[in-house]
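Enquirer: Sharing a structure here in structure tokens format.
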């Protein structure tokens, strides 16, 4: 009795397993040929959460692209929780993956490998952004089409230079760093150091970590303002949230308008502050474009308009163009919107600023 | 009734024995650390910086006041982050802001505090009715709070334009910001509740010996719910104060406050096992933590070292504070 039950369950299992492999094999074949009907493509955008303007604009950009091809984007958020992100990916990959396109923001470098592995074996088209380990390369994979990121050294330097100009080329500044063990914080600060080497009149009085947080930046800036007093002519912040916290601190210390502030990310409040002249500059990666472009690249390959094998090696992992936002051009960034031309299959790699090495 | 009150006051009387010696630890540590930083850095001992420390301590002081009652009771509360986020979004959407035409002023602030109460009440009810351990119940409530906050956030950050709420962080009275005075008032109210009301005394007694209290016929459940509700009100107000400081309602308004408040309370001498400490202890703990963070920046410790150094000093301060208790053969878990 017992043994027969075992046999039955074993054979059932074998049948199920066989079915699985067969299905997976079929998917792979479809993936390589890229012969999906436009209407069959399934678009998935995954970010950490919708509680910050940047990632909200990312999903909005994905929606805009999906709408332009008559589809709907599935919006996934994982609350900055790596385990949750992997679960969501496995769930998506367990469904129909024949014409699946995913535009994913991995939580951290180490989260990228399992996502790539899953997408590869399921034959799903994948574009990742921001985080990946250096030795993991899209060019070594069939359906991992591209990895997009931004040169933090460049943006850190851009705002450093803008700050130096704003304070007239000489004077003391303070720097607010992000979470110290992240690549973004390290790169952006390296950019500031490069800018300081160039602008010899500018002196870095102090640098403190405020962990990309508006509240921490407020406290730290107030402390630094009491420490260095009127010597502080400018504040360099590794992101806009901290820059906005610094602005509040200046206001509370009665120094609003007397100290130049720069940040990175171009969150709406910061762009507004740049427009009003409260902030000197910020840098935009164009979140709406990021949300759309990953889906667009995947869509073009899935529908056969672009062949994965034809994508230039430099376009498989690249730094995308970023924009310095100053008072002159801030109005254009105040209402971020996507440009449909950016997402046409011939133009999807137009914003490549350089290969990621 | 006589029996009840006798039992209720018993742990307090016990804890008072030798109190002067034991309670001296944290204040002495505060004075010593302040003295060291003052000797090392002339900017640190400036009037401006002392104002700055007190201003910066305001929000943490209010949150810690709330958490202290829960800790006195021997429970733990991790809901501060979520409750503060929800309250921050609520208040920023109810006072004058850039997202809608609301302009309820003080009413909006009251609503945010009440929302905090409701979240606290929820934690308390989950604890006494569903028997969910306070650790999990409050963690869950924090997640709910963050969820509610995210829904209200809806992709666009609400910036406040309410002049009264903005003035709390900017205007000063006798050298300190309004927020600092609000925090002082909260500590006073907390101390009065702890010292003179049944709620405060029972919170101590529940932490000291809940079984004894139950056996003597006290229904502790309503008091537990009330303590969590009270704590929620403090977190709600904390969320409002963060909004005033930042000029915007952030989902992340309460980020990190749950653990820094517990740290401050413990550094001040409120034990996680309950029945010990109190609001004034916690206030000292808050100042200790703030002096430490500020002082490390003022004397110029590299940011790469600060986290580690801060943790080391906190552990040393707590260790020094419990020296008098070490001889009492207590089990530490």
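Positions of Cβ are set from backbone N, Cα and C atoms, glycine also.
According to TrEMBL, the protein has these features:
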REGION    B:1-21  region 'Disordered'
TRANSMEM  B:21-41  transmembrane segment
TRANSMEM  B:53-71  transmembrane segment
TRANSMEM  B:78-96  transmembrane segment
TRANSMEM  B:108-130  transmembrane segment
TRANSMEM  B:137-156  transmembrane segment
TRANSMEM  B:176-193  transmembrane segment
TRANSMEM  B:225-244  transmembrane segment
TRANSMEM  B:256-272  transmembrane segment
TRANSMEM  B:279-297  transmembrane segment
TRANSMEM  B:303-323  transmembrane segment
Enquirer: Out of B:53-71, B:78-96, B:176-193, B:256-272, which stretch touches the transmembrane segment (B:21-41) the most, going by CB pairs under 8 Å?
Expert: B:256-272
Enquirer: Using a Cβ-Cβ cut-off of under 8 Å, list the residues of the same chain that are 6+ residues beyond the ends of the transmembrane segment (B:256-272) and lie near it.
Expert: 22-23, 25-26, 59-60, 63-64, 66-68, 71-72, 76-81, 84, 142, 238, 278, 281-286, 288-289, 314, 317-318, 321
Enquirer: Please check if the transmembrane segment (B:225-244) comes into contact with the transmembrane segment (B:108-130), where contact means 3 or more CB pairs closer than 8 Å and the residues in each pair are separated by 6 or more positions.
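Expert: Contact criterion met.
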Enquirer: Using a cut-off of under 8 Å between C-beta atoms, tell me which stretch among B:53-71, B:279-297, B:303-323 contacts the transmembrane segment (B:176-193) the most.
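Expert: Between the candidates B:53-71, B:279-297, B:303-323, the best contact partner of the transmembrane segment (B:176-193) is B:53-71.
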Enquirer: Any chance you could find the range in B:78-96, B:108-130, B:137-156, B:279-297, B:303-323 with the most Cβ pairs under 8 Å to the transmembrane segment (B:53-71)?
Expert: B:279-297
Enquirer: How about the transmembrane segment (B:78-96) and the transmembrane segment (B:137-156): do they have 3 or more C-beta pairs under 8 A, pairs 6 or more apart in sequence?
Expert: yes
Enquirer: Taking contact to mean 3 or more CB pairs closer than 8 A (sequence separation of 6 or more), are the transmembrane segment (B:137-156) and the transmembrane segment (B:279-297) in contact?
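Expert: In this chain the transmembrane segment (B:137-156) does not contact the transmembrane segment (B:279-297) - fewer than 3 Cβ pairs sit under 8 Å.
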